[in-house]
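Chemist: Annotations per Swiss-Prot:
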- C434, C440, C479, C483: [4Fe-4S] cluster binding site (BINDING)
- C483: siroheme binding site (BINDING)
Amino acid sequence: MAETKVNFSDKLDEMERIKAHSDYLRGSIVQGLADRVTGAIAEEDTKLLKFHGSYMQDDRDIRDERRRQKLEPAYSFMIRVRAPGGASTAEQWIAMDDIANTYANGTIKLTTRQAFQFHGILKRNLKQTMKDINQSLLDTLAACGDVNRNVMCNPNPYQSDVHSEINQIASAISRHLSPKTQAYHEIWLDGEKVLDTSDEEPEPIYGKTYLPRKFKIGIAVPPSNDIDVYSQDIGLIAILENEQLVGFNVAVGGGMGMKHGNTATYPQVGRLIGYIPKEEVVDVCEKILTVQRDYGNREERTNARFKYTVDRLGVDWIRNEINNRLGWQLENKRPYHFEHNGDRYGWTEGSGKWHYTLFVQNGRVKDTEDYKLKTALRTIAEVHTGDFRLTPNQNLVIANVAAHKKNEIEKIITDFGITDGQHYTGLRRNSMACVAFPTCGLAMAESERYLPSLITKIEDLLDEAGLKEEEITIRMTGCPNGCARPALAEVAFIGKGPGKYNMYLGGGFIGDRLNKIYKENIGEAEILESLRPILLQYAKERTEGEHFGDFVVRAGIVEEVRDGQTFHS
């Protein structure tokens, strides 16, 4: 049983009351779905719906016009489909494509946590969409909410035996930490209520109030830090001996979100607390999660993430508490080395099969007049006998291609003009953006719809400086919640208002260092005006192999930030 140390008092955040009285995430969601008078559901149910993998949203492009017409907002729902390690079969890809066409806005969003995301689903179609997702043997449970989210890892298990083992471990962690309530099956899959929750505890790990906030786990396999291991609540770094996986270094308390104007909130990098044998990894993840369950801040959600718990109680205290719960001591961390946190594009061979990583700008799979990416991928899925793997950088691996199928798939790629991104600049290949407008209710500025055009203008500056092939990470979010992990980028833009961004510089190319604010509340003209002299200086003064983020720190353009507690200082 989950023995939470939650003391219900008037000081607790309202969300804690909602969870406690939700009957294990049921609330009145069923009744809300049946109400045809409105396209919305009750406010409290929107908070519970997140645990089921969905957010209620509205079209912000037409919000003002609908208000003038005295109409309710154009409500719709986003659904996020979890896929541990980004794994999906060709059949599942076809199912996702069908769902996008039938119920959503005709596009698929590949997220920065290796999940599928659909936008524009109307309330009347929400249940059937959930059913169709589950019929494909994927699901949405715990894709959002105050629980462990989609577990990340290198997307290609066929790269080596170690990568295959890592994928299996990611799936095992995901299964073990999934909520056990039957509410999901009752609401979406017409399952019967299988137990009386008034007498029995159906959540042996989480308890009635689940976690104080969302919780994220990722596994990195050096030298690739593609999952941004230091951004995770639990970051696991694979340790190999003689090309065999033996265990993991464990980092705790990473996280990207903050709030503008509130210096008590900040991004943070995970802190290494030791090494564990691979056989213990699922249990260790559970024990760390329960520390956050019991000691996380349930009074103020803005300070409820595990990073704040670690900073408040101290790394040593956290390590000792984990040791006590395990009944054994974490070992000393072991050596490892990261070289990059991006994807490797094009064809590669591994485990006797071929794999093609293609560039998907900001993770949006759609057809345009000039670029039929969605149709091309559907065509590939209809002949492909392997997998589709979602990367942590919003790209896609057509994986496990049999040798006799390679030419056929290569012809489809060529016929549709699909690109692996090799002809793009290093900046564009290393870019990420969140959804932002028009569907995200938190967005303060554009992101996905704007970053590509801004990059085009920055590319002119790179060309002038002779840096067009330089690998530089650039990320943009429409708000400071950090969905595209902007605080780790060498160049980052975080929305402050319409057309205005805070600009940050100096993140580590391998994702190990936070960036620092350089300019506040600036528009495009000032962004370009600010970047030009820095890029020219970088081209002239950099040392051999020196990355842009390292240079701006060394040159004193921004201060180095290794601890989020100094992010605002």
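Quick reminder: no glycine exception, Cβ is built from N, Cα and C everywhere.
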Chemist: Counting all other Cβ atoms within 10 Å across every protein chain shown, which of the binding-site residues C434, C440, C483 scores highest?
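Modeler: Of the binding-site residues C434, C440, C483, the most buried by Cβ count within 10 Å is C434.
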Chemist: Please work out the number of neighbouring Cβ atoms within 10 Å of the Cβ of C479 ([4Fe-4S] cluster binding site), leaving out its own Cβ.
Modeler: 22
Chemist: To test your reading of the [4Fe-4S] cluster site: which residues beyond C434, C440, C479, C483, same chain only, put their Cβ within 8 Å of the Cβ centroid of those residues?
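Modeler: Checked against the 8 Å cutoff, the neighbours are V435, A436, L442, A443, S447, T477, G478, N481, A484.
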